[in-house]
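Everything on this sheet refers to the single structure shown next.
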């Protein structure tokens, strides 16, 4: 085409933005002038075909003026060619092969039919008919569209299948790999053609460069090539070749894609031919039309499009109408024909963004009411206050009920002095009014600011400049230069009436002036006679207008009148019962409103956005999903990208109020604009009443995915109206059931476990469906920390650990929350939100206030921005919100200073509450304080009905606090009728401000408790709140009665409330009962859970209608067992077993037997436990068979019992049998499999030939399974951690052992309370750990605390208490606190004498132990040397006295004068004689020697001689002795001095054997090589025979299961290396046996609890 555009003025109309930009560039290159608006000077209009057909302005005007009109599609090919020349070639080429262009000329017009690609199904139709020419151009260069497989080895020598368009089978066909069109590269070989669209070829055996390489196709021997497609060559050593199955799948998928393209091409050609027929028919005047000839010849087009000719008589016009409504009609539509003289590019851009940004916003945009309040300022302050503080809250409540969004604009101080100086005030007001759909106008006696008012020249000049500025934006204002600003605002509604806008005008009674003080009256009277006349004229015009107008007496009356009018307006537009949304639609509406509020103002942080985008593109294409990816080298840091790979979840965390939700919502808005092809589903916890339940989250996500897929299908099918016309084609790929393949979605009635299990299956099925090929799903869940804590949701068991490759998940939570900890342990990528910078704060202030048409001065903005408190976004927003409702601009500076005095958000809330009290409780009736105190006192909030009753007792009218409720919607939230605070900061502020004494808090809790007591039904709310309120009100007797109520217990003893029930009893048992007599007053009786329930069961008749009493007693007994109150549990177990047997319920009786066996196992009563287990096993086997799940559970317990009884082979056999049953039939019972794995690991850990690595593997597997099912804060999880701690002690990895123990201790304390038997069990293990490390201080603290807990549970005389006391005494002995040790042992002796008698062996054992510790240690003298033939010389006496001294490191302790050195015959000094052999003692008893022995058995150490036979002196020694005799006189003078020094060292010598004992290498942690006083089997037998049972005490244990680790065979344990080994013996042992190595299973490496537990301050646990 020749250049017809040179020097022409061209106007582009109704063309999409991206095409508009390309067209502009093309026209500029043709030296054309592009006009922004249509005018007479325009020579050519370029527009869409649809706009031409509509023939509206400016097309119709251009036609009359003879201006050329060109269809944009006519130029599209030239424009695309121009763009390709000016921009780098894209890696993905075009997929079209043939372009047919039909050009029609009429009256200088140039019109073209749309060039259609292979993937297009649209057709342009016009009715212009004249001369036509048709030209067809064939593109000979073949185009590649797909390669299978998409990657291969860089070594080559493999085949690939290439699919595309225009392949010509012949010698000239080439496939080239690498380089560009200019030559070079590698050519493929062995071409095997299957069609013109597919070919099989071989990549040659060459070393090709790794990475993405282009592959081209050529039909002319390689001279010219079509557009390339990228192929990934990888290093064979890193990547693998796809399997044959994978390649076959890709080939089939590609064939299906080619079939779809073929159908699309046929449909395209079909539509072109049909249009040509219509044109031919229009160019002839024959009576017989073309379609009739066509029908007579019966040459039907096989695709079925010819049926369009037959519809409704088959006329051409009807044909065109059918085509316009069919799927071939143009989709290039702007939605409405709104082009005018004011149309420009910027407006088009805004329209485009608005229409494509947010579909939800468009869907619910009609459900929004925005009010603009207009009036003169000086005399209408009180009136406007009534609207803002009274009417708006009441109307907002009504809007909430009708699912309507309400907002308002009040510009009392929004026009700052700076804006006034710049004269932008009126323009800003009119712009805000333009966005509103309701105007509320107020008038008193003042007309308002106008030229009629007497004012100084400066004000007059300011008014004129303000009007001039407004005229620039709103030209119609020039007609009202003499009017007041208020009238001009009114005129915008009166003169430009629109259907969607409405107005309410109110005129105050002139007699109100009589109530105004004389001082203020000047602000209320008219400005002058002319102003009065203009005001009266305006009022008359308003009264005659269709808008509502009324009069009111005083400001207080205005609220009633205005509310009534607005209520009628809402009732008419949104009628009650018809407009409310329901179900899924209402959820979508509430979430859309929530998002809209978050996206109004946001200071974009590009770093945050980039990191989220990087996560999404991290591995988008690695799995072949077809998702778009971002170039690593261009815009993504490769290090960050590699760190994001394999990260299942992207976690955004930060402090409360740090802006996490705003970040997600605004990123979401941008992402939808940039990636409309993605499926994006967001869930905002807190947006709706049910949004915090994890089941609702999963169900809503599945529904949203289904809804979006349905919408996408409708859009792809050309809208809902295209179904009928599209069905005429036999090749149509659409159907009315296009989404029928979607699986059924569960609803709220399903069990939570089923919903959780079906959710990942739903995602996997949907995202792998062929119709979603290349789609990516982005899931966003905001506010995980706000989850309802019931059903253990905070452990995120419901949250999938793995997602499909094309699903990306982004979540947010408060930093440090339980949810964040869980996601960190799962390896999620973490983005931490930082505080606001000063620049961000300043921008936030300006933009936030600008949204409400207000602005602060520069000084005020700076004061807020530099404050340290405003670094928190929530703090800053609260401050700005308070400023917005502050109506007095004159005192605004003082208000800002007051707000900035707050150091944190909680203090800011206190200041805000002061303002709310002054505004809404001026008479100090306690409206605000009482309202907030009751919300504070509720555990999970307070019901509105109950709050109304409570406030009514305080003489507060419900209508008053109803408005307050709406007013404070920014601070409170409502969920299912329950009101609660939005965050903890508000609760802290209310507590600090109003709960000033404990008495006030108790009174509030008491009122709530009474309210719950009066409520009839025992619903979930009452079960959750009533005991809590009794606890907080310290009403102990009522709390006891409530907890022992069988109906309440049945509701509380559930997974959701069990922890609460345990905590209630833990607190209650620390209290005492009200005294009934003087004796109880002097000796108060504490509450005891076991005694209270035993008292109930002793009654003759128990009222429990509706409950199965035997089942209830079984549950009570299980609860008492959990509390370690075994005596009461045993009584109740026997009671419910009796009931089951009487009713012939054998299975239930077996359940009781097994539970009792488990309890006896815990108590260490192995014989009773074995009897109960075997009885239960026989019943289950008989009733249900040998492979029932109940049999497996019982076998697991029997295996544990066999392990405790050291029957390890039997234990393995039983446990393997249980495991086989589970793995064959009950794979889903993960917890049971984990428990059996734990039991097998315990056997491997404690058996004689221990296998620590095997045991650790079992424990690791059990830990992994348990965590997947119940999380890492469950008691079952803590039990495994305890065992791993003991195992690591044996492996000498004390740091890991301590971490495991601390993690288990944390769980037990959180779940079971700080005084539970499991806690004492952990503490006893930690005593052993710290004693081995000689950290006696920490060991003592653990021992003291464990002893206190054990005494509380078992009583002072229990055997386990005595054993713990003995461990503490020996610990004191190791700490050289001998007297404390003896005192404690004497206390144990007295206790055992009372229980067993003075002659019992345990008493004698304690006595022997006391004697051994109290006995002074005196070293024995070494044997004398052999007698000499001669008399002893002085030298021999000296040596004898020296050798009698203790030896340390081979030298005598005392220094004595050395005798003269004797020399031999050659002058060589004679060597001294060797020192005599020293006899060592081991009669010191230490904690290490007994800490792992059985309970109640303490070994007494016996002296062991390590001396060797004394050797006779050597000849040299004899010679030295002979020479020493010559010095006898000299030695005798020194002998007396040496003996005196020896006597002074006797006390120090007593300690040396103990030190030597500690320096010896020994075996097993805590075991010494000594001979115990009693052998274990004999001692246990005698102990059982002689033990005296006390009815008041609990049964004595044979071996406490919690101390099972202390029952190992000590002779077979190796001594661990002591951290503070001073003798060097450990080094010798290490050299002999080699250094130990610790190899943890992979699942235990880098566990989060290891680091967390190491940070626990153990000292803080004992404060």
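Glycine is no exception: its Cβ is also placed from the backbone N, Cα and C atoms.
Positions annotated as coiled coil by Swiss-Prot: 1516-1547.
Swiss-Prot lists 89-105 (among others) with the feature compositional bias 'Low complexity'.
Residues or ranges marked as compositional bias 'Acidic residues' in Swiss-Prot: 333-352.
Under the heading compositional bias 'Low complexity', Swiss-Prot lists 1518-1528 (among others).
What Swiss-Prot lists as compositional bias 'Low complexity' is 1544-1563 (among others).
As annotated by Swiss-Prot, region 'Disordered' applies to 84-109 (among others).
Sequence annotations record features per position, and here Swiss-Prot assigns region 'Disordered' to 326-359 (among others).
Taken from Swiss-Prot, the feature region 'Disordered' applies to 1500-1528 (among others).
Annotation source Swiss-Prot lists region 'Disordered' at 1544-1571 (among others).
The repeat 'TPR 1' feature in Swiss-Prot is assigned to 1110-1143. Mean pLDDT across the repeat 'TPR 1' (1110-1143) comes to 87 in this model.
For 1150-1183, the entry in Swiss-Prot reads repeat 'TPR 2'.
For the repeat 'TPR 3' (1192-1225), DSSP puts the residue distribution at 31 helix, 0 strand, 3 coil. What Swiss-Prot records for 1192-1225 is repeat 'TPR 3'.
Secondary structure of the repeat 'TPR 4' (1234-1269) per DSSP (helix as H, G, I; strand as E, B; remaining residues coil): 31 helix, 0 strand, 5 coil. The annotation repeat 'TPR 4' is assigned in Swiss-Prot to 1234-1269.
According to Swiss-Prot, the repeat 'TPR 5' annotation covers 1278-1311.
Shown for the repeat 'TPR 6' (1320-1353): DSSP residue counts in helix, strand and coil, namely 31 helix, 0 strand, 3 coil. The repeat 'TPR 6' feature in Swiss-Prot is assigned to 1320-1353.
The stretches the repeat 'TPR 3' (1192-1225) and the repeat 'TPR 4' (1234-1269) meet in space: the count of Cβ pairs below 8 angstroms, excluding pairs fewer than 6 apart in sequence, reaches at least three. Taken through DSSP, the repeat 'TPR 1' (1110-1143) splits into 30 helix, 0 strand, 4 coil.
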